Every structure is written in C-alpha cells, then in structure tokens.
Amino acid sequence: MEAVGVAPAPAGVPEKKLLDLKESLKAAPAPAPSMAAKWAMKKKLVGGDAGYVLEDVPHLTDYLPELPTYPNPLQDNPAYSVVKQYFVNTDDTVTQKIVVHKTSARGTHFRRAGPRQRVFFQSDEVNAAIVTCGGLCPGLNTVIRELVCGLYDMYGVTSVVGIEGGYKGFYSRNTVPLTPKSVNDIHKRGGTVLGTSRGGHDTGKIVYIIGGDGTQKGASVIYEEVRRRGLKCSVVGVPKTIDNDIAVIDKSFGFDTAVEEAQRAINAAHVEAESAENGIGVVKLMGRNSGFIAMYATLASRDVDCCLIPESPFYLEGKGGLLEFIEKRLKDNGHMVIVVAEGAGQDLIAKSMNFVDTQDASGNKLLLDVGLWLSQKIKDHFKKKRNFPITLKYIDPTYMIRAVRSNASDNVYCTLLAHSALHGAMAGYTGFTVAPVNGRHAYIPFYRITEKQNKVVITDRMWARVLCSTNQPCFLSHEDVEHLKHDDDEHHLHNTQLLEGESSPVKDSSKCNGTAAPV
C-alpha cells in the first residue's frame, strides 16, 4: 500500500525535516476507548430517503470541531481556470451497486473523491510523508511521483519526505526529501524508490507521520491513535495489491500491468508446449487467496487449457480428476498449457508433505510451491504410462510480473488515485482509502477495506467464461456446486439488506429458479 500523511508543522521545525519524535508524543494519552467506542468511531452512517445510506469517512472536525478553513489554492491555479466545475459538491456520492431492481432500495453510497472549495491545511504549515510497505506492485513509483508533484504544484506544499524501508523507517529516521525534480523520472522504473519491507509496525513511534501496510490495517490502527490523541493529521491510503483482492473497489493499481506481463509467460509456455511431443507448459502466477490474475490472464490469452485458482478446489487422481483431463487433452491436441495461481491446491500439498503452517513478518501464510509440486505429480503420473512420453516445462514469473514498470493504463490510474488522495487529505478527510467504485473515485472508510478479501466467485459468469475458454471441467462434485450456490445466495442476500426495519429486497430470479443467466 501507498500512504500519505498530512500534518501541520510545529513552530521551529525547519522545512523538509522530520518532526522530532519526542515532540510528536507529547500529547497526553487519553484513556483507552472501549470496544463500543472504537466501533462508533469506525462507522459514520448517514441515512436518507428510500434506503439511501452514506458510509462516510472520518473528518478532522469530528474530534477537532473548531478548526479554521481556508480557500483552496486550486482556485488560483491557471491550469484549472478553464475547467467548468472543478470543485466537487459537498453532497456528491458514489453508489456501491449500480444494478438494482425497481423495488430495491437506493443502497450504500460512498463520498465522492475530488477537490473541495475549502481546505483545512495551509500550504506552508504542512509536512507530508509518503511510505510504501509490503510487496512490490507496478505503479508504486508513479503514485509517489504524482503525490509529490500534486502537493507542490496544486497545493503549494514544499515539505515532503519519503520514508525509506517501510514502517521501520519512521523510527529509524530513514527519510529522504522529495521534490518534483527528484521524482521526475521514477515512474519509468519498476519497484519503489523508497524501498519497502514487511512488519515493523510500532504505532506509538510512528503516530505523527503516517503510512500504511499492504492490508491497510496498519493505517487504520494509526488513524485511531491519531484521533485518540486529538492530532490535526490526515491519514490516507492508496490500496496496493497485485492480487486485486481488496473488497468494494473496482480494482487495485498494477493489476492491468500484471495481467499483461503474465501473457509473456503464458505465450512462452505455449510455444514450448506445442514444439514438443505431448508438450506441457505449467505457468505459476501470483494469487495467494484470490485467483484474479490467473483468471484474467487465462481469458486474455486463449492459449490456456486449464486454469487452477484458490477458490476452485481440484483433485488429481481418479475419474474426473486433473490428471485424467491432462491425459485426454494431450491425446486430443498433442500439447497443453496449465496456469496455476500460487495459492491453489495448498491443502493437497500440505497433506502430502505433512506441512505445518508458518507466517511471514506481515502475518501472511507461507505458501508451498504449487507449480513444482504439480509438475512433479504430472511427471510421476506419466512415467507409469507406457508409450506416452511427455515434455514438461515449468515457468515461474511470480516476481517478474510485479517488478516491471506500469503500463499506460496503470500510469493514468495511479495519477488519478494520487490526486484524489491529496484532495481528500487537504479537505480534512482522514482514515480512508481512495479508489474507484463503479468507475467513479470515492473515499472509502478503512474498515470496509479491511473487513474481508475479494475473491473470485466461481458460481459467477466470469468464471464460467474462463471454463468456456479452456474447455476444462470444474473439478467439482454436484454437492460442491450446490454448496457454493447456497453460499453465494447467502452472500448476495447479506449484501443487499436494507436499513433495520425495512423489508428485504427481491432476490435475483435466475438464482431462485436455478436457471442459468446468459454469459
């Protein structure tokens, strides 16, 4: 995740210097809030007619009600003088669901992102800090560049620092001044110029200059601590995960680049496979818990014969198993390509190896190499087949696809994310992530981002399109399919409930009567 913190500079602190950590901790600690109070702080709901619900984000005035406001510097920026209506209306919102029934409520909305006419920070009083944490992702440097240039060029903020090496950099004083000149060309590189790491989250030490980690949970905890101490400081997150598994938002930045880069590996596997007798190309792609990269890369490629993702269980042996399907496809076509997400089949590997779960510094479960395991299982199977030689090539571009520079689409996307984050921070909003929802950028409360992971719904039409493209079986029993449909119906019903006391919406008729919707 990329995060930016905006805070006023105390008197006597030179520009482009970090605040003294001791000064930042002088605020007398307030009593620890109860769980009920924490929950109340997290949810800020505004109701309206016909079931309209705004899940608003926190604002500095929620706990600092007497803060003065200032005219937005953008009103005097010549670059925006030709824009008909640049400032966002205060009551503009973005709806979470755009497909509704005529009897449905208006549903959940989020506050629309964009510049406001009044801001809560003066340009010369602001210290801004930027940090990158967790794994790499295409577009990180673009976001850094646009945050710095936006602060300078749009809001006149000249005290901007980068925190080097992730969270640990806050209290080890690893910082670097950032200017438009110093970040001018960084969008042309992969990785992050600030460096990154996992772990190192010490809330008490980093409360005044803000960052966030890959799951946004770190930034959420920091926001709560900032609020508890009554500090005038905005905490803003830009969601970053190559797996595209963040709930609510349309997609995370870097995903398009990752899918595009994955095509190179799939194409290489296809060339290798079709050039050999009974050739098999196995490609492992990123996707710990969600198979979006594997799914979209498969659908885009059209050269894939089988796609395996964490959400869809599979088995190897016996009738209808993966090995039987591989054998049949080789007899029919003479070659095949298998794409497997890194989190697929982990239960099968763990059972075969008696593996005990371990975690990395961020608390992520360490995965076993499903690509190597699957390749060996395929080789062992065909060793038992007389007169059926195979040639198998295993390609693992896992870290290659996230280390490249972002493509044109992601570059534009990262620019919009960075600018939306700056507008929100300067307008006094805090404790939020910025991202598009149904094509419109919105400010989303941290708790909506951290409450669950987005996953491929294998009873949905997109996964059906993949199965049509590959002509692979789903590897599920009838009982498995019915169980998944039931879970999906329950999930659909839960997400479309109205305000307490209102009637439930009508369910999708195609799911009620069991008929399939058109692809």
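Backbone N, Cα and C atoms are what each Cβ position is placed from, and that goes for glycine too.
The domain 'Phosphofructokinase' annotation in TrEMBL covers 128-423. Per TrEMBL, ATP binding site is recorded for GLY135, ARG198, GLY199, GLY212, ASP213, GLY214, THR215. Sequence annotations record features per position, and here TrEMBL assigns Mg(2+) binding site to ASP213. The site 'Important for substrate specificity' annotation in TrEMBL covers GLY214. The substrate binding site annotation in TrEMBL covers THR241, ILE242, ASP243, MET286, GLY287, ARG288, GLU342, TYR399, MET400, ILE401, ARG402. What TrEMBL lists as active site, proton acceptor is ASP243. If you look up TrEMBL, you'll see 500-519 marked as region 'Disordered'.
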Per the 10 Å Cα distance test against GLY135 (ATP binding site), the binding-site residues THR241, ASP243, GLY287, GLU342, MET400, ARG402 reduce to THR241, ARG402
Taking all protein chains shown into account, the Cβ-based neighbour count within 10 Å for GLY135 (ATP binding site) is 21
In this structure, the one of the binding-site residues ASP243, GLY287, GLU342, MET400, ARG402 whose CB has the fewest other CB atoms within 10 Å is MET400
Record-annotated substrate contacts THR241, ILE242, ASP243, MET286, GLY287, ARG288, GLU342, TYR399, MET400, ILE401, ARG402; largest Cα to Cα distance in whole Å is 16
All chains considered, the count of other Cβ atoms within 10 Å of the Cβ of THR241 (substrate binding site) is 26
